[in-house]
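K.L.:
I'd like to ask some things about the structure below.
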Amino acid sequence: MEGLKFLIVFVVLALASSFASASDPSPLQDFCVAINGTDGVFVNGKFCKDPQQVTEKDFFFCGLNVPRDTSSPVGSNVTAVNVAQIPGLNTLGISLARIDFAPYGGLNPPHTHPRATEILVVVEGTLYVGFVTSNLANGDNRLITKVLNPGDVFVFPVGLIHFQLNVGKTNAVALASLSSQNPGVITIANAVFGADPPINPNVLTKAFQVDKKVVDYLQKQFWTDNNN
């Protein structure tokens, strides 16, 4: 009986530990500035720079106030500030992004961040934002939306599909903070129709219940866009 109790406690603690490790791990030192070399301590996917050689440049990024070009097909531009831009973010579990939107429908298309929750604040303009839940008990995927104005804040839970659309007549700007040094992004249309190599059209035809000509068209468009 004592052995069974020990086993149950062990399993519970193991599960708790796995849940606690579901996001970026907490650092065990002041910082671990990421370097591209292979000589040093390997922490959270990156090698650490010698602390004696760390400078203020390792914690700095300039230019997030500069408007970005929104002439892309979707009318938006995301400026990421993660561990790739600020090496000092390594092990700190946070990153930032600026999103610029063109007037009259600039869109940050449906996407997910597999490793981060996102909290977004609108700086300029008016955005229609939302996310879709995972399957509920009745099998539905619920859409939760809100129209945001300057100063408004909205949260997108980790891993859920979400989007932002400019519904105003002027440019819009938002700042987003994410709970990972490297949150990752999966843009749904690009990933499904622009995968390299392409997903078998028969899979997509059946999944989306459309004619194969539609899938062929979308794959041609997105695969070309993703591989230019």
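Glycine residues also receive a Cβ, built from the backbone N, Cα and C atoms like all the rest.
What TrEMBL records for this protein is below:
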- N108, H113, E118: oxalate binding site (BINDING)
- H111, H113, E118, H162: Mn(2+) binding site (BINDING)
- C32-C48: disulfide bond (DISULFID)
- 62-216: domain 'Cupin type-1' (DOMAIN)
K.L.:
Of C32, C48, H162, which recorded positions come within 10 Å of N108 (oxalate binding site), going by C-alpha to C-alpha distance?
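P.N.:
Passing the 10 Å Cα cut: H162.
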K.L.:
Compile a sequence-ordered list of residues in the same chain as H162 (Mn(2+) binding site), six or more apart from it, whose Cβ lies below 8 A from its Cβ; state 'none' when nothing qualifies.
P.N.:
P110, H111, T112, E118, V129, G130, F131, V132, F156
K.L.:
Beyond the listed site residues N108, H113, E118, identify every same-chain residue whose Cβ lies within 8 Å of the center of their Cβ atoms for the oxalate site.
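P.N.:
Along the chain, the qualifying residues are A97, H111, T112, A116, L120, F156, H162, A176, L178, P183, V185.
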K.L.:
Which has the fewest other Cβ atoms within 10 Å: C32, C48, the disulfide-bonded residues listed?
P.N.:
C48
K.L.:
Using Cα coordinates, what distance in whole Å links H113 (oxalate binding site) and C32 (disulfide bond)?
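P.N.:
Here the two Cα atoms lie 23 Å apart.
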K.L.:
Determine which residues of this chain, when H111, H113, E118, H162 are set aside, have a Cβ within 8 Å of the centroid of the Mn(2+) site's Cβ atoms, and list them as they appear in the sequence.
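P.N.:
The answer, listed by sequence position, is T112, A116, F131, F156, L160, I161, P183, V185.
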K.L.:
Which one of these binding-site residues has the most other Cβ atoms within 10 Å of its own Cβ: H111, H113?
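P.N.:
That would be H113, with the most Cβ atoms nearby.
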K.L.:
Among N108, E118, the binding-site residues in question, whose Cβ has the most other Cβ atoms within 10 Å in this structure?
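P.N.:
It comes out as N108.
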